[in-house]
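Notes follow once the structure below has been shown.
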Amino acid sequence: MMRPGAQQYVVARPLYSEESFAEEHEKVYRQRKTMLDHFVQYFRCDRKRAKNAALSLLPIIGWIKIYKLKEWLFSDIVSGISTGLVAVLQGLAYCLLASLPPWYGLFSAFFPVVIYFFLGTSRHISVGPFPVLCLMIGSVVTRIVPDEGPPLNITGFEGLTSDEQRVLVASSVTFLVGIMQLAMGILQVGFVVMYLSDTLVSGFTTAAAIHILVSQLKFVLGLQVPGLSGPFSLIYTLEIIFNKITSTNVCDVVISLVILVVVFIVKEINERFKSKLPVPIPIEVIMTVIACGVSYAFDFKKRYGIEVVGYIPKGYESPMAPNLPIFQETAVEAFPMAIVGFAVAFSVAKVYSVKHDYTIDGNQELIAFGVSNIFGASFKSFAASTALSRSAVQESTGGKTQVAGLISALIVMIVTLAIGFLLEPLPKSVLGAVVIVNLKSMLMQVREIPYLWRRDKPDCVVWLATCVAAVLLGLDLGLAAGLGVELLSVVLRVQFPRCSVLANIKGTDVYKDRKDFINIYEPDGVMIFRIPSPLFFANIEFFRSKLLEALGFNPLRVLRKRNKALRRIRRLLKKGCLQWTSEGFLNTSFGPIADSKEEENIKELDLPTDFKDLPARINWNAELPANIVVPRVDIHSLVLDFAAVSFLDISALKGLKTVLKELIRIEVMVYIVACDRTYEIHTKLHDCCFFDDEVQSSMFFLTLHDAMLHILEKHPEATERKADFGKSNIKVYVTPQPQTRF
């Protein structure tokens, strides 16, 4: 029943196979470019391309020309000052995650920002330390230069203190990360970040938040806990903390709890009233200033034994070359750092680019972060990305461009050169509390698990596997394990797709899974089978098994049974035990006909059925003489819907051709639909000599409905259905120029 007022459309056109459509409609010839053509084009240079390359490598040229001085400058200044204050605090706090002296975090909040100002394409992200990346660096640092015991035997460590060795390790790893990011940007492989799905990144960052939380407990509790790295380091760290829990510094705990509660409450106020507040309340900065003042006034370090930031040298240190032996030790760990740092920054940049309607370039972002890390590492900073909270401050306070980022770098520079000494009495427990309270958004990602489980169980498995692996094995191995599970889930989805048998929705040219609808039409002897994935070496056998399951018989077994029956019929005719009459075969033997025990030739049984020397073709679905039994085949036409098959490999072509031959040899006509000639599949079929005397190109039809109408023309008896189906809803009108109306 049609809905009242529903729109209708009527189509009157010839019934098209692929061949007839190609004959009637001339195609435009498009010359395909070879690999050499792409290579030559990539390295060709002219004036226009050189100009575009310059604009691409220096995005500042593009946006600085449209900079609205009167409208944007004040907003950028306010945003830069707010972001700079947060960057100072986060630089000190996140540096603890990297197991480095706190003031090196100020270097990481300055040098990469300056380089990104010129090379970056995002106008809103705040470049600098990122807690997950800092923790990954810290695991490398503590592995090479442990808290307890001698460092690894690295050339260049001679004469350096433990802190200097750690700084050398961190800067060298950062330099290597920058080289990797720069190389990926130059090679235009920014697409690699697509392999890190949102689900995987969510599970990974949640695990990283757990690692960060545990790593900060020693500062919050005032305990001396050595930094550990490697598999199960989190469990070992918790064991040490619980063993030393009786040595907790009560003053550190009180300070941390006060900071946690106050900062959390004010952050919630900022979030709830962000539309009414002109600028978010910089509560971390306020509490830091208060904590510094109270700590200095009551001399917390001497009176209560609290660990403080301590001496912060003024100015910047001289540049330093990276250590090549450290490259060899950390190459495997540097690569996931390069990917994670870029993936997080690109994800945040993409959110703001969509919000503010401008474009970002993934490859240029790789180049920007690569150069930023290389330059920063030369001045003893560690790997930079972007912190979500800091970027949110820069954007929410009115930042329009990276001028705000440059001003935030100037604020960090002022602290480094002039007033850094004011932060010396700051308790490290305050920094630990600030780090923990900023983990809220990452830890709350666990709420995605119920949603994923209800909506997409494979994605939920990826989330859980990544999170658990990263928690237990460490962030680097956990990321690799999560990526492996994610790729495995993709392979399994493609290797074991949900195949279905389709049916016509009555009165339409629409075909849907017959299990999902009631008012459907299925002609006798016709089956429509759909596989919703590419066909390749890993799933061709699955495709075959699902197809045979849907058909209800094995065509090869049927073919062999028929050929064996033909052998026996010929033999009985030769012996005179059978005789052909107008009514069929007549058994002329008075006794039972015994089965032959003659040895069979399997290869001959697989050949097409040959009716020569027989008086007529045999109806295999009728009763056969001499107690011969052959499996019944009720299907005369099979339609394969290839609309979702995007490619086939050689193994799939061979397997598909074998299946088609087996079906054709038992008189089941096969039609393949929605396999457009303009795509790779049909071209590959011709190039690989897919077609022969049995498998012909005439089996290809333009649409599923075209194939069905063609079948009903050839088999009009298929439209005679039981009374509950009524008359056929597909009508074929044959005129001097055949037309189809529906």
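Cβ atoms here come from the backbone N, Cα and C positions, even for glycine.
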Handout entry: Range among 366-383, 636-653 that TrEMBL annotates as transmembrane segment
Key = 366-383
Fill in the blank from the handout: Under 8 Å Cβ-Cβ from the transmembrane segment (166-193), and at least six residues away from its ends along the same chain, one finds 98-101, 104, 137, 140-141, 144-145, 156-157, 160, 320, 322-323, 326-327, 330-331, 333-335, 337-339, 341-343, 346, 361-378, 380-383
Fill in the blank from the handout: On average, residues of the domain 'STAS' (516-711) score a pLDDT of 83
Exercise for the section: Run the contact check on the transmembrane segment (73-97) against the transmembrane segment (403-423): 3 or more C-beta pairs under 8 Å, excluding pairs closer than 6 in sequence. Expected result: yes
Fill in the blank from the handout: Note: vs the transmembrane segment (366-383), the recorded stretch with the largest number of Cβ pairs under 8 Å from 103-120, 334-354, 403-423 is 103-120
Handout entry: Selection from 103-120, 200-221, 241-265, 334-354, 461-488, the stretch that has most Cβ pairs under 8 A to the transmembrane segment (403-423)
Key = 103-120
Problem - Stretch contact, the transmembrane segment (461-488) with the transmembrane segment (241-265), Cβ-Cβ under 8 Å, 3+ pairs - result: no
